[in-house]
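As written in TrEMBL, here are the features:
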DOMAIN    2-347  domain 'Isopropylmalate dehydrogenase-like'
BINDING   ARG90, ARG100, ARG128, ASP217  substrate binding site
SITE      TYR135  site 'Important for catalysis'
SITE      LYS185  site 'Important for catalysis'
BINDING   ASP217, ASP241, ASP245  Mg(2+) binding site
BINDING   GLY280, SER281, ALA282, PRO283, ASP284, ILE285, ALA286, GLY287, MET288, GLY289, ILE290, ALA291, ASN292  NAD(+) binding site
Amino acid sequence: MKIAVFAGDGIGPEVTEQAVRVLQHLPLPLSLLVGDVGGYAYQRHGHPLPEETLACAAEADAILFGAVGDPRYDQLDRHLRPEQAVLGLRKALGLFANLRPAKMFGGMESASALKPAIAGAIDLLIVRELNGDIYFGKKGTERTASGLRRGYDVMSYDESEVRRIAIIGFEAARKRQGRLCSIDKANVLETSQLWRDVVIETGQDYPDVTLSHLYVDNAAMQLVRDPGQFDVIVTGNLFGDILSDQASMCVGSIGLLASASLGERATEHGTFGLYEPIHGSAPDIAGMGIANPLAAILSAADLLRHSLRQAAAADQVERAVAATLRDGVLGRDLGGDASTSQIGDAVLERL
Ligand code: NAI
Ligand code: MG
């Protein structure tokens, strides 16, 4: 079982190190391949996603990804910016379905930005489309006729892109509580009207799933008013990006939310995928040893489940994380003082 480890920038290597320790602790025949991404890769190879890294990804059964982004490179041309590594991998590998579960861990209700009674009910899954939308449309800057600078990014989806992510959403809802909420901005955006039409059409094959729709602005409000109402959310790339950071604070910290990015490619061991925390490289705390590695560790659990068919091992890792939190081993993001490596130690002990 080959896992490509792309740790990246900032806190990426710090949190990934702990996730790798967890994987290596398991009695599984894993071999790790290491590749450079992001600003680190730009520094060494002149590109955030070098050919060597893509080759490494092609050889692996799954990718464990840290984070990319480095303020030193913010002024580079967009195609050379560190963030292009993760966008490029998602696109090049056809990873169109991003699964972002947000569930309240027992004992963590008081860490939520919401009232404990409201936060306690959170158990939702955000299914975010990852290969289209405004992130991948035509973009540019130009001068208007009167000489003003103008920037533009085109938002677009075709129906096949919407249908395949809608199917992921319906299938996920079917395995959970049978409720799917599609989030769009159909009152204003043509892309969203098509999105809504296609989701409704797709739903005809899922009479057992209750489908609802929300405009994204209302959804943002509902997510803090009553997050317990959501089972599975399906939404586009941009809205899903924003709503999942918001969901993270509802469960207590962005350092707790993992994600799986899946496509259609099957390997000998399962579905090929890329696994990463939803957070970025957090330059404000990089190098301080205080980043919460649990999102990275939970991403490794997702990797075991989806790409290696090791559901029992994935459950064990998740239980060790839940126990770590229940026992009060908390990083600064959750009001504690445990360091990144101390949290990793605590998970290993419980494992
Ligand atoms: P961020 O997610 O890196 O950080 C947001 C805030 O959350 C910061 O205050 C940070 O300290 C805190 N935080 C994040 N992860 C944490 C953890 N594990 N433990 C404790 N606190 C944590 O988002 P930001 O600051 O907007 O972006 C920083 C860089 O990361 C940018 O270059 C951005 O483009 C990039 N980025 C990369 C992503 C990726 O690699 N998939 C995703 C999001 C942002
Ligand atoms: Mg994001």
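Each residue, glycine too, has its Cβ placed from N, Cα and C.
Among the recorded positions LYS185, ASP241, ASN292, residues whose Cβ is positioned under 6 Å from ligand 2 are identified as ASP241. The number of other CB atoms found within 10 A of the CB of ASP241 (Mg(2+) binding site), across every protein chain shown, is 18. Around ASP245 (Mg(2+) binding site), the C-beta neighbours below 8 angstroms that are at least 6 residues distant in the chain are ILE254, ILE278.
Set side by side, the binding-site residues ALA282, ALA286, MET288, ILE290 differ in how many other CB atoms lie within 10 angstroms of their CB, and the most is found at ALA282.
Across the fold, the C-alpha of ALA282 (NAD(+) binding site) and the C-alpha of LYS185 (site 'Important for catalysis') stand 30 Å from each other. DSSP assigns ILE290 (NAD(+) binding site) to coil, not to a helix or a strand.
In terms of Cα distance, none of the binding-site residues chosen from ARG90, ARG100, ASP284, ALA286, ILE290, ASN292 sits within 10 Å of LYS185 (site 'Important for catalysis'). ARG128 (substrate binding site) is 7 Å away from ASP241 (Mg(2+) binding site) when you measure Cα to Cα.
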